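Worksheet: one structure, shown below.
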Amino acid sequence: MLSRPHHQKPHENDVEAGDAHVDSQNSATGESSSASGNDMDGLGEYAALDRFVSTYREDTKGADEEDDKAPKKRPWWKFWGLGHEDNRRRSLAPGDGIPEDWLNTDINTGINTADIEPRRRLTGWNELMAAKTNPIAQFIGYFRGPILYVMELAALLAAGLGDWIDFGVIVGILLLNAFVGFYQEKQAADVVASLKGDIAMRCTVVRDGQKTNILARELVLGDIVVIQEGDTVPADARLICDYDHPEDFTIYKRLLAEDKFGHHDSGDEEEKEDGDTRRGSVYYMMQHTNRPLLAVDQSAITGESLAVEKYMGDIVYYTTGCKRGKAYALVTATARQSFVGKTADLVQGANDQGHFKAVMNNIGTSLLVLVMFWIIAAWIGGFFRHIPVTVGAEQTLFRSALILMIVGVPVGLPVVTTTTLAVGAAYLAKQKAIVQKLTAIESLAGVDILCSDKTGTLTANKLSLRDPFVSEGQDVDWMMAVAALASSHSVKSLDPIDKVTVLALKRYPRARQILQQGWVTEKFTPFDPVSKRITAVCRLGEDTFTCAKGAPRAILKLTECAEPTASLYRDKAQEFARRGFRSLGVAVKKNNEPWVLLGLLSMFDPPREDTAQTIIEAAQLGVPVKMLTGDAIAIAKETCKMLSLGTKVYNSEKLIHGGLSGSVQHDFVERADGFAEVFPEHKYAVVEMLQQRGHLTAMTGDGVNDAPSLKKADCGIAVEGSSEAAQAAADIVFLAPGLSTIVLAIKTSRQIFQRMKSYIQYRIALCLHLEIYLVLSMIILNETIRAELIVFIALFADLATVAVAYDNAYWDPRPVEWQLPKIWVISVILGILLAIGTWICRATMLLPSGGIIQNFGSVQEVLFLEVALTENWLIFVTRGGKTWPSWQLVGAIFGVDVLATLFCIFGWLSGRPVQTSPPGGYDQREDGWTDVVTVVIIWLFSFGVTVVIAVVYFLLNKWSWLNNLGRKDRSHKDTKLENVLASLQKLTVEHEIDSKTGADRFHLVEKIHEQEEDL
């Protein structure tokens, strides 16, 4: 098999005869890349590679990760000092306001422990995160808002009237809501924080003369860090020297002092000619700066797909990945002041509460207006009844106002909705979806288009090797062995293509036998964007083989094979491209013989196993998926075919520079199934156009350059493995790979939305119920329910419905929205029905037989129990009947119902019996007790009222007109406006100065796109 190259005829004009030569810088980097990490446990390079192939398992974690310990957490009740460091943060540029000696750390000793805290006080922790909220300020926030201000005014009014029971209960309701909301939100935040702690980055640092492994967030300015292949750069840092050559630190210091970094010229030509290579000479030192220390993947920042070589004195950026090499580096900027941190700050807007807060404000304001209307109506009726304003009777106008303020303002509305969102966020966090802004849940529930990345989200981001093409007369095992020879052998950090090439040897045992014959890698040149290939010079016995793997065309140029062979090779390469496969040519040269074309490897990033089913589920949820990928259009179309996404996939250039504009461009984006070869600006444009059409759009992204589009989207989603800048800009961060998590999050968010919507309908109906009944009762019967009992009705309603957050809600099969007109129509009808039920109950007590009261009872307590039962049971109506209620909700409501029954039986807070006009035919005891038979009848009557309301509610939801009331057009098209805006975008203002008068002149002209493209 190894003799195959001997059969090839030598070629005299071999243009690649010198390809075995690799320049010194590439050789230095290449050798470390090829061999590093393979001599562990005393194994040689190829023995270690063979063991890697045998023992490799997917998704394994190092033992050191399991031993990591989370930092000690401050107890939640120790709120003092929180935010002390963060409140004084300043954005510091490297060197700005920083003592010079902070950036002159010795690589052997590092900084001292005593120096850490002063530096941290200046720049804060090395992490991108929102400023911590002071718990006291957060707790006080639960007493702010229009609805809460009215309740606080009611408490002051109760105190002014000397009604201390009402005052105490109202204050109790306010404190209860605040404590419940604070506790639930804190619990949710703790779940999120614990998950974030599990994925905390770590790094190796030199401190007090010792190398130690710490959390990356603990880094400070001036720290010496060790960065090696496979690591994520923990902060902006300046490279000092190679890890294996710490003596070069003196060269670094001298070049830094002479400000030589950034000028990678060849040095003094005279010195070079004289051959002066003395240590300390300018030429010698500049040779060191021209030798790459690391190769860094900056694709998340710049979009470059190839690793960038970094030299002595270069800056490596926070969150980028090290692909090759190992070096010392000096931290010059922590996360908040890093390049990535400043980019993240640019997309951080104000703390916008979004659409959710607008809806809550709308409902709150409307209820306040209704309260004022009913108070005015009650006062007008009171004047006719000659009821005093403040004192002089049991019933006063101010007391009536107090009662209406209590019943008309849903004090629990902000807290119950916040609690529902917080509990939902905690559940999502357990499903590996971290909600960074609670209101994002509402946005996600209404999303109707999902723009998704391909790599890592729709696909597994793990290349798989398809059946290779082998040139005529060649052996597949020999070709696979050559491909493995022309790969990096650093098992610690393999490039994805090299990894799949090496692991494919499991399927080719004879190729593994070839590699076990004693090969030695003499030189290794990583992928070169100029030659577009990887080259390795390997020795076996007395023979030297130059192995090459790379772009098909580049490999074909190396050889001068027969035309039929070359033609078949090109056809196969084109076939692979049409099918969306990545293809790599493989060739080998033995000694000075000609290059031999061995064949083609075909690779493909396969879709995840669950992706196709997930896309179908997303479509059933009314959320079509549009694929946005940086890959070639052939790969994008092939992926779409495999996922049944549709093949209307276009090159992104057609979107921006395809001559489309205005309404046509918007139609194009709406109808497309995806775009290929996209850049961040294309993603932003797609999201913007979809939003202009009225769509609520979710966007996935992972890089720093995705941050603007993530921020622009209605719901920005940072996918698993995303950069910290992307996470900072996103509303939701996924810790699990794939699209299934997104679909699960959509379903969960719709369940959360349903809980909030059912509660809001319920709470509006409750407000209207008592407002209608009490005002009419004041006007007609000159009576009301006592204020003390009213506040307990409000308290019971809030106690019971806090459990709504834990209810078993259903998820709507289409994108949801508030539909406020529909909510108001249904709530008003439910409120009127409740009021009619209470009026019927009261009217029976005017009958000679006493009506609902059998033996004895109190009007106040009977009305109190009827109101409490029908209102509490209403939540079972508004929540719908598609799922069974949770035990938490049933238990909470049953508990307050029992308590309300005890109030009725024992006449608690019933007051003195009041005779109305006309008088009722029943016996009222002075102690306010009610007999058990009457209580049973009240329960049965309330159940009957609830059944009637449930039937009406069911019929209302079957009414198609009402179901669509308030729904927005998700594909709103304003052709004229879109065309006008598109035309305006083509115009620019041109400024010139009149040569005669010197006056400024401005002209409106059309942009010249050709010049812009040239620039």
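Heads up, residue numbers simply count up from 1 along the chain you see.
Note: Cβ is positioned from N, Cα and C throughout, glycine not excepted.
Here TrEMBL flags 10-22 as compositional bias 'Basic and acidic residues'. The compositional bias 'Polar residues' annotation in TrEMBL covers 23-37. Among the features that TrEMBL reports, domain 'Cation-transporting P-type ATPase N-terminal' is placed at 94-163. Look at TrEMBL and you will find 1-42 tagged as region 'Disordered'. Annotation comment: TrEMBL describes 139-158, 164-183, 363-381, 401-428, 760-781, 787-811, 823-847, 889-909, 929-956 as transmembrane segment.
Contact between the transmembrane segment (139-158) and the transmembrane segment (363-381) is supported: at least 3 Cβ pairs lie under 8 Å, counting only residues 6 or more apart in sequence. Proximity of the transmembrane segment (760-781) to the transmembrane segment (823-847) is established through 3 or more Cβ-Cβ distances under 8 Å for residue pairs spaced 6 or more apart. Beyond the ends of the transmembrane segment (787-811), by six or more residues, the same chain brings 158, 163, 165-166, 169-170, 172-173, 176-177, 180, 184, 399, 402-403, 406-407, 411-412, 415-416, 419-420, 422-424, 621, 747-748, 750-752, 754-755, 758-759, 762-763, 766, 770, 860-861, 864, 867-868, 871-872, 875, 879-880, 882-886, 888-889, 891-893, 895-896, 899-900, 903, 909-911 to within a C-beta distance below 8 angstroms of the stretch. In terms of DSSP secondary structure, the domain 'Cation-transporting P-type ATPase N-terminal' (94-163) contains 39 helix, 1 strand, 30 coil.
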